[in-house]
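Here the structure comes first, spelled out in structure tokens, and everything after it is commentary.
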Amino acid sequence: MNIHEYQAKQILKRFGISVPEGVIVHSLNEVNDAINKINSKVIVVKAQIHAGGRGKAGGVIVSRTLDEAKTAIKNMLGSTLVTHQTSKDGQKVRKVYLEEGCDIKKEYYISAIVNRKHGQISIIFSTEGGVDIEEVAANSPEKVVTCNIDPIFGFQGFHGRNLCFDSNLSVDQTRKITSIAEKIYKTMLETDASQIEINPLIETSSGDFIALDAKMNFDDNAIYRHPEILELRDYDEEIPEEIEASKHGLSYIKMDGNIGCMVNGAGLAMATMDIIKYYGAEPANFLDVGGGASQQTVTEAFKIILSDNVDGILVNIFGGIMRCDIIANGIIAAIQEIGINVPLVVRLSGTNFELGKKLLDNSKLNIITAHDLSEAAYNIVNIVKK
């Protein structure tokens, strides 16, 4: 689960990390009161969307007069931002965050992620903040330092010193960054966050360190333990199909293609998307119905796929625990219930796949069956292209 920048800063502030004073604004009626609360000569207007790259897309405006701030807010609210992390359609700005301007002496980068390879939380630090860390890692890898934290011992002072060792930082700077890293680690543990990123972490001329921008993601499987964080969920920022899919236990990710996919298993779903691209088309979604899909689940999956106005659908099922004849009956029932007016290619393999294929072939419905994945992908791509 993602949250907005202003929400992430509220959490970080609760754990002792300094953040600029700010006020969230939902409408133009709130602007005057919000500006008065900030009481700063420089006001930064920030679009609040669940995507990075806002600055380059005009989603972060530094205002030095009240009129500039009001104009920026007016232009930003209700607008659509397209960044490298949004879809081609962009995301609508429904709220903006007004924040006091800060005296920036130096920008740093610091984050914490769940490192699944090592089974630990990793703290990442760089003296090159304010830019994409991927660019820094690619161009100057020596400027990015990663420290893995053993969960048995937790964060220790030497972890912070290791982060800063080659950065030519003073003892005081190292002490302050170590303190921030420890607080980030504690926040990760106590909130079940999967990622915390502060970029940039700024140092002011007076030597203070402030989180100028913040991003937090949370583990969906642990969010039930944090109802106060679940309340921060902004459904307006999420894709409607993904919300609907989650209600039925389906894993769905919307993409920009035109061929809908229904698959059981994440690995098989990725392979299915790859082979669709191999034959010259683009998948419209990632949809994993899981290992225990029922007729109702299959029906809901079709409804979700069709709501995206796809030009064709590829169903790729490997029957292990789930029998192919049950899936076939589910597909038939779903088509009879909701109707499908786009080409449908089905590939079944595994337990009872012969029976499943026979059921589909004898259904007298407009279903094209395939013997293997390559044939299935080739068929659906070529049918859609005609």
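Using the three backbone atoms N, Cα and C, a Cβ is placed for every residue, glycine included.
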Out of N264, N366, N379, Swiss-Prot lists as part of the substrate site with G320, I321, M322 the residue N264
Rounding to whole Å, the Cα atoms of E99 (ATP binding site) and I321 (substrate binding site) are apart by 54
Here the Cα-Cα span from R54 (ATP binding site) to N264 (substrate binding site), rounded to a whole number of angstrom, reaches 36
The rounded CA-CA distance in Å from E107 (ATP binding site) to G320 (substrate binding site) is 52
Here the binding-site residues are K46, G53, G55, C102, D213, and the Cα closest to that of M322 (substrate binding site) is found at G53
